[in-house]
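Record features (TrEMBL):
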- 65-178: domain 'Ferric oxidoreductase' (DOMAIN)
- 1-21: region 'Disordered' (REGION)
- 28-46: transmembrane segment (TRANSMEM)
- 66-86: transmembrane segment (TRANSMEM)
- 98-116: transmembrane segment (TRANSMEM)
- 136-157: transmembrane segment (TRANSMEM)
- 169-185: transmembrane segment (TRANSMEM)
- 197-216: transmembrane segment (TRANSMEM)
Amino acid sequence: METTTTPARTARRPQAAAATTGPRWQRWAKVAVFVAAWYPLARIVFFGVTDRLGANPIEFITRSTGLWTLVFLCITLAVTPLRRLTGWNALLRFRRMLGLYAFFYAALHFTTYIWFDKWFDVAAMLKDVGKRPFITVGFAAFVLLVPLAATSTKAMVRKLGRRWQSLHRLIYAIGVLAILHFWWMKAGKHDLVLPKIYGAIMLALLGWRLAVWLMARIKARQAS
Ligand code: HEM
């Protein structure tokens, strides 16, 4: 259990103070992020009980959960560049939770589609995929998210070692597939404003990683 550290006690034990102040605010920040991440679901529930989901509630829920999956994917991918640019290593402590929320909203998005939209009717789903192939791309992104969520525990990180990092590079493919899914869907509606904005964000996040990787290779070549 956490103990309170008074000024008199910390003056005598400076290392103890340094060790406790950091983790304590980080714990509170983690709780704040954990609670804030429920906002999208709370909003849907609130709109549901106050009868404000619109004429097509299933469409509202599918779109809302889809968009929030993308938002959490972008935030998760932004953690590493932000940490590098600011030197704020504590940001890494939030990455796993944010990634798991991306998976959570993707699972809600997928469940809304196969359950409440299609009632597990495989024939209806296949017919829909034939008409709207962007669904297959979203499905591919979701399938790739599953092993990432399943291996997100500390025990799995330890068990997989270097293979964990290789496996988690799937997040780049997921980012590309998510944008393709969104872009393709909206292209059919001639409404590409949001896909262009999210596409630019994803391009910046993935482009930054590519630039870092290329620079590391160039440096390694020069050193050898
Ligand atoms: C990482 C996975 C996924 C992401 C990031 C994602 C993201 C999105 C986004 C951003 C939208 C548009 C929301 C809007 O209109 O504002 C959307 C729509 C849609 N997604 Fe996904 N999606 C994913 C996976 C899936 C899966 C697995 C399925 C079903 C198998 C699916 C089916 C749909 C459908 C049917 C729509 C269109 C809803 C409509 O026309 O009203 N998505 N998705």
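Yeah, the Cβs are placed from backbone N, Cα and C, and that goes for glycine too.
Recorded stretches compared: 66-86, 98-116, 136-157, 169-185, 197-216; the one with the most Cβ pairs under 8 Å to the transmembrane segment (28-46) is 98-116.
Within the domain 'Ferric oxidoreductase' (65-178), the DSSP-based counts of helix, strand and coil residues read 100 helix, 0 strand, 14 coil.
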